[in-house]
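Annotated features in Swiss-Prot:
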TRANSMEM  33-53  transmembrane segment
TRANSMEM  77-98  transmembrane segment
BINDING   His83, His182  heme b b562 binding site
BINDING   His97, His196  heme b b566 binding site
TRANSMEM  113-133  transmembrane segment
TRANSMEM  178-198  transmembrane segment
BINDING   His201  ubiquinone binding site
TRANSMEM  226-246  transmembrane segment
TRANSMEM  288-308  transmembrane segment
TRANSMEM  320-340  transmembrane segment
TRANSMEM  347-367  transmembrane segment
Amino acid sequence: MTNTRKSHPLIKIVNHSFIDLPAPSNISAWWNFGSLLGVCLGLQILTGLFLAMHYTADTTTAFSSVAHICRDVNYGWLIRYLHANGASMFFIFLYFHIGRGIYYGSYTFMDTWNIGVLLLFAVMATAFMGYVLPWGQMSFWGATVITNLLSAIPYIGPTLVEWIWGGFSVDKATLTRFFAFHFILPFIITAMVMIHLLFLHETGSNNPSGMNSDSDKIPFHPYYTIKDILGALFMMIMLMSLVMFTPDLLGDPDNYTPANPLNTPPHIKPEWYFLFAYAILRSIPNKLGGVLALASSILILTLFPIIHLSKQRSMSFRPFSQCLMWLLVANLLILTWIGGQPVEHPFIIIGQLASVTYFFTILILMPSTALMEDKLLKW
């Protein structure tokens, strides 16, 4: 008789995805982030569900309902801070996951890569709308500034913004719809994750060498299940340390002031994980240009499979490309720092230089360096 694990119509799907899945024998800790993102998504949905039980999506009571969750609900403070800091962990892992994909050439799996870019957009949209819900000063003004960017779209822009707002400013209608979208999007993300995995399992995982590993595969369980559990344990230690000791470290103090349309905060800025894109947006002194640069900074990821000119897939054996990769990481850290600074000298020029360097590195330096390395190897 066949093992139920291999014959049951539902269980065999799980079996082929997480148990008997042939995996490369040499994948490093950089391959842990996919499963960690799955853990983060599960945690966010779970904590979000409990928060939604006590939250009210109304401009008059939203701020008070969050205060009520923290003060009066059993372990409400824990659920709220797990959710807020869980989002930060989510983005840290997302950026590591994407960075790993760029370094090891995983973007050559085009279907998996492109659905991944769509996932990034969906997660960013969800996080942005979630930040609006506590209805603090930064929630309100962040929503106003970012939604207002759409007015730069020619002809339909102003109408589109009013349509999204549900009125002539960010108000009750905006908050209600943002809550509705913030609730539904994680489930859409979960479905997209399944498609992401479906495409991945069509090809199998990449590995640090960038070469075909069909001749050297091991079963996912127990090797990578135990490795993923260890990764999740480290993640929980980091997250719980953050939540228990410095829960507001990554937040903005302005968000502890209830939203006031008559009083603008001195520095409007998004959460830390959007600062690099915000810096690129601000570095162009033109509304439409800034919006296009902002969109391009993420959409540029879809070009990686096209601008990959090296005959090697991975950067493991390409020292010059490695230098450029770390230059890009440093550049993104500079952009993140600039995004949180006021718009004044010298931050303006630093932001503009870093923005130019970002696009120049990806579009010009990386492909030309790849060609140079092939030449040096006489390929």
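Every residue gets a Cβ built from N, Cα and C, even glycine.
The structure, with features from Swiss-Prot marked on it.
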| residue | record | Cβ neighbours (10 Å) |
| --- | --- | --- |
| His83 | heme b b562 binding site | 21 |
| His97 | heme b b566 binding site | 20 |
| His182 | heme b b562 binding site | 21 |
| His196 | heme b b566 binding site | 21 |
| His201 | ubiquinone binding site | 14 |
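Against the transmembrane segment (226-246), stretch 33-53 has more CB pairs under 8 A than any other of 33-53, 113-133, 288-308, 347-367.
Sequence-distant neighbours of the transmembrane segment (320-340) (same chain, 6+ residues past either end, Cβ-Cβ under 8 Å): 99, 102-103, 269-270, 272, 274-280, 282, 310, 347, 350-351, 354-355, 357-358, 361-362, 365-366, 369-370, 372-373. Most Cβ pairs within less than 8 Å of the transmembrane segment (77-98), among stretches 33-53, 113-133, 178-198, 288-308, 347-367, belong to 33-53.
Each residue contributes its Cα atom, and for His97 (heme b b566 binding site) and His182 (heme b b562 binding site) these two points are 23 Å apart. Long-range contacts of the transmembrane segment (288-308) within the same chain, counting only residues at least 6 positions beyond its ends with a Cβ under 8 Å from a Cβ of the stretch, are 98, 102, 105, 107-108, 110, 113-114, 117, 120-121, 124, 149-150, 152-154, 276-278, 280-282, 355, 358-359, 362-363, 366-367, 370. Distance from the CA of His201 (ubiquinone binding site) to the CA of His83 (heme b b562 binding site) is 30 Å.
Taking the Cα atom of each, His201 (ubiquinone binding site) and His182 (heme b b562 binding site) are about 29 angstrom apart.
For the pair His196 (heme b b566 binding site) and His182 (heme b b562 binding site), the Cα-Cα distance reads 21 Å.
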